[in-house]
Amino acid sequence: MSAKRRLFTSESVTEGHPDKICDQISDAILDAILEKDPNARVACETSVTTGLVLVSGEITTSTYVDIPRIVRDTVREIGYTRAKFGFDADTCAVLTAIDEQSPDIAMGVDQALEAREGQMTDEEIEAIGAGDQGLMFGFACNETEELMPLPISLAHRLSRRLAEVRKTDVLPYLRPDGKTQVTIEYDENGKPVRVDTIVISTQHHPEIEHDQIERDMKEHVIKPIVPAELLDENTKYFINPTGRFVIGGPQGDAGLTGRKIIVDTYGGYARHGGGAFSGKDPTKVDRSAAYAARYVAKNIVAAGLADKCEVQLAYAIGVARPVSISIDTFGTGKVSEDVLIEVVRNNFDLRPAGIIKMLDLRRPIYKQTAAYGHFGRTDVDLPWERTDKAAVLKEQALALAKNE
């Protein structure tokens, strides 16, 4: 590898990974509540360990949902259906410890600071204040069709394929827990040129030989997913590198909601504000503003205004308008970043209520995001992945740039 070339690595995990079990349970509960009560406030955290699921958090709603049933259905759907897997949907204990949202927080969210101070018009009074302070990032680049970095894109597709060959009995000896990792080599212009390394760790039946797992992973998982032109004789493969992965899932490791925030986003390729997504209703800007930031970044790249774009939004609790909007195109912008910020302000309502309305977020759409990434998904229709603003952004940005 020449001195100017570089390697970058991202990882993904399957739906049976302990932390991802928790994300899916939290979002399944959120979806069940939003289906009946779109205005509910939900902050739902899940923890799993051997034989036990604990659901806790703050939920304020007018409806009732059967949390233990949702937990068991989710665990069953993932594939933990037998005690010998170390975790069983029908026999695991389910504990719940649910509170209501703090009235101090609710006060800030229910009526935004600007409205309390009388600074907003009547129609703006409906704007919801941010549920917390914080900063969120959104990112897009033209490395893949879905405008995502290639390492995380391939890692997610490999993880999803692992679950697919297990559930369709192509490889019936696989069990639900698993991880993937992909290292991409970039040339001196920052373009991806080849896959340097692929790591796959998958839980399996104790009687299966390591050599068979290695052969099957290459034939049934890697080959259908990774484009042949990216693989060469120097690509390295590490399949179950410890030699054995029988004990897995919650029996192997405890899991928690919100522990896979880099897997959920851009695989470390872009910055992260630190807030997790799963189990949070859309008044939580950790979630909704991160989705909005991706929506903005993706439309900028789709418009051809930059090859790579990172958007940062920041909020104060109880205040509707973002305290800052920042855009970085890493030297790839076709117009200045000041122009981009202006057209973004003109075309995207980035107040929490504006985001919820723009992306229609008060719907039960979240469980499907809780495994295999929240961004760049081609298998599900997510509103923040649409590029419906690209044309107007391009037109306005180029017009503004002429007047600079």
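Heads up, the Cβ atoms here are built off N, Cα and C, so glycines get one too.
Now, the feature entries from Swiss-Prot:
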- H17, D177, G178, K179, R244, F245, D253, R259, K260, A276, K280: ATP binding site (BINDING)
- D19: Mg(2+) binding site (BINDING)
- E45: K(+) binding site (BINDING)
- E58, Q101, D253, K284: L-methionine binding site (BINDING)
- 101-111: region 'Flexible loop' (REGION)
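Annotated features, which come from Swiss-Prot, shown on the structure.
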residue : record                    : Cβ neighbours (10 Å)
H17     : ATP binding site          : 28
D19     : Mg(2+) binding site       : 22
E45     : K(+) binding site         : 20
E58     : L-methionine binding site : 16
G178    : ATP binding site          : 28
R244    : ATP binding site          : 11
D253    : ATP binding site          : 15
K260    : ATP binding site          : 25
K280    : ATP binding site          : 27
K284    : L-methionine binding site : 23
What binding-site residues among H17, D19, E45, G178, R244, D253 are found with a C-alpha within 10 angstroms of that of E58 (L-methionine binding site)? E45
So what pLDDT does the region 'Flexible loop' (101-111) average out to? 58
H17 (ATP binding site) to E45 (K(+) binding site) - Cα separation in whole Å: 16
Have a look at the binding-site residues G178, K280, K284 and say which one has the shortest Cα distance to E45 (K(+) binding site). K280
Simplified DSSP label at D19 (Mg(2+) binding site) comes out helix
According to DSSP, does G178 (ATP binding site) fall in a helix, a strand, or coil? strand
Whole-number Å distance separating the Cα atoms of K280 (ATP binding site) and D19 (Mg(2+) binding site) is 16
Integer Å value for the Cα distance linking the residue listed as 'Mg(2+) binding site' with K260 (ATP binding site) is 7
